[in-house]
Amino acid sequence: MTRTSVSYIVYLGSHQHGSDATPEDYELAKNSHYKFLESYVGSEGKARDAIIYSYTKSINGFAATLEEKGAEDIAKHPAVVSVFPETIYKLQTTRSWSFLDIGVPDNRRSIPTQANIGRNVIIATLDTGVWPESKSFRDEGMGPIPSKWRGFCDNSTKYGVACNNKLIGAQYFNQGFLASNPEEDDVNSARDTEGHGTHTLSTAAGAFVPGATSFGYANGTARGGAPGAHVAAYKVCWSRGCSGVDILAGFDAALHDNVDVISVSLSAGPAYSGGTSFLNNEIAIGSLHAAAMGITVVCSAGNDGPDTMTVGNVAPWVITVGASTIDRDFPSYLKLSNEKLIKGASQETTSLPQNQMYTLINGSDAAAPGVNTDLAASCNTSSLDPEKVKGKIVVCIDNFEMPRILMGMTVKDAGGAGMVLINNEYWGDFIVSDPHVLPATMIPYRDGATLYSYMNSTKNPLANISPKTTKIGVQAPAMAEFSSRGPSYPTPEILKPDVTAPGVDILAAFTEFISPTGIVEDERRTPFYLMSGTSMSCPHVSGLAGQLKSVHPDWSFSAIKSALMTTATIKDNRYMPMRDHSGSKATPLAYGNGHIRPNRAVYPGLVYDNTIEDYLSFLCTLGYNSTYLSGLINKPFVCPAEPMKLENFNYPSISVPALNKSTIVTRTLKNVGPPGIYMVRVKAPSGVAVSVRPPLLTFSKVGDKRTFTVALTSQIKNENERGFKFGRLVWSNGIHQVSSSIAANVVA
């Protein structure tokens, strides 16, 4: 049945009742929403039927099922900040984790002991919920629940979640999902039936768990970024995606509950990420209210790379995280009878005997009677002839039309000994280490040509697949191919992503409700699993933000963000420039300010700090007026008489989206360390002259602020040499290095 109306969010700013509100205040707010909508739909009964959520705690507004014309009429009301149809967000997964702390550790200051990392901090996720039985959420050694905590664990349903001193919150929000999917049932639980939420929550703040492994791979002790932190899960994602209506409800609850960090491993892609529509976006709105309360929000950059202008979640008040590799790999080699080795990837759970070779056969040459050869080429279900594949290694093409695990099941069911999976041309060299049900390996597209050439050169092509291995110490980090790239589509003056973090083959806790493959026929279960995506890199940064909040409880969210960014590195563990997925040198459009370094971030020396009023001034430049913006913080605010130049927003990185001859940008640094003199060092972008004034900054005490200017002048005369150029600006006192990426798009 075609829906004639959709779910809209009517955003009204903030409530006047503040943080000390009573249940009566919340009820009054809800009734005011009914009364407001009644004037448009004709009766209170119709208003109550239409409203899906009434956001009554920190965020003022409601979600309702409306006709487009009705939504347009409501948008004209002077009290309304924005009215927009809900966005459907996606989990950002392609499918031992460890922080990769590159460089010489800073031993000049004490770093918190691991058991205490994140102590007294509350880290929350908006995700698919939690698997509470996971060892990552045991509360041995945890301190008492912070007195400020106002949340709870919903244990009132059939599949409820019980709290302890580690897992202190678990709630679910499904009314937006049900409004679009009324036929769904059995969704009244914060319990994780997907695995994604358990993985991200344990990555951010899971307890120490010795002996963690994913089907025998990546053996070791797992821990989250802030293992001493308390955690809370707000389930906003369901089987068909994540409703923006539910996401905003999750934000409203998390802010009310007094969390310190919110981790959001979701994205709707660049088209929904901001610009003049920052207040038409659920994550941007929720995170802006969080910023006003001093709460840090960390978001996935998205998995739409490697193309440029694909980065999502680009509001300047969130930390946007790309994904990169770690120094661990799971190589699987295809050995041909001509002694050629082709490197692939796999988490195969069984291995072939290594004392013999097996005949290779193309799936297209093994089609079952009456089956299209194209279906057999990709090893679709029941497409292979058992007589042709029995005891052989079948070569299949990944056409993204069916799960890779099912392709392996097809080969196994037909009696095949193993499978070689060739990636398609679009994804090229990006390969995934899946937990196959038979000996198997996935190889890059370009190596597929090598394999086909060999198979065509002999009447009896033979091969074997190496057994499972975990290799430590590989060159890393390098940018993941899937990680979304900048520049930011709506506001290129803000360099996004902000940082990159481990996001490829990350080991973390997993639900035991389903198999990690998500396939019903797969009966395997595992308490830990390897996953990839910016969904995995995001909680690494969330955990580190929690660590900083624990060490520096008086720091603003902007100071925490700055510390994470300015201490990041652009070198790998070989002290070489970070590489892109293709092997070429990566740029700030991929990694932002660089790859996170936990130990360095704890004591950054200087920070680029901002207040909530600074972010509102940013919105003023984008066209929002003072009346609306005052409503966001529930106190008077007046836009500057002269709108700020967006390049001058006090951001820890520098982005000039259209360098026409020359420009000057301004930044201000705040001292959060001992007194000292900082000297500037610049690696100028190619063809761009850079001058910093003054070249020295002196700080006499904590809290001192110093302003400097950066002049950029194009020296490029040839039109063909124009485009994005990249550099680095570093302030150093001999101990601390406060680094900023420079991205300048030379247009003249």
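For all residues, glycine too, the Cβ spot is worked out from N, Cα and C.
Copied from TrEMBL, the annotated features are:
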- 7-92: domain 'Inhibitor I9' (DOMAIN)
- 118-594: domain 'Peptidase S8/S53' (DOMAIN)
- Asp127: active site, charge relay system (ACT_SITE)
- His196: active site, charge relay system (ACT_SITE)
- 377-451: domain 'PA' (DOMAIN)
- Ser535: active site, charge relay system (ACT_SITE)
- 648-743: domain 'Subtilisin-like protease fibronectin type-III' (DOMAIN)
I'd like the Cβ neighbour count for His196 (active site, charge relay system), meaning other Cβ atoms within 10 Å of its Cβ, all protein chains included.
26
Within the domain 'PA' (377-451), what mean pLDDT does the predicted structure show?
93
Helix-strand-coil residue split for the domain 'PA' (377-451), DSSP-based:
22 helix, 15 strand, 38 coil
By a simple count, how many Cβ atoms lie within 10 Å of the Cβ of Ser535 (active site, charge relay system), its own Cβ left out?
32
Tell me the Cα distance separating Ser535 (active site, charge relay system) from Asp127 (active site, charge relay system), rounded to the nearest angstrom.
10
Given Ser535 (active site, charge relay system) and His196 (active site, charge relay system), what distance in Å do their CA atoms have, once rounded to a whole number?
8
All-chain count of other Cβ atoms within 10 Å of Asp127 (active site, charge relay system):
28
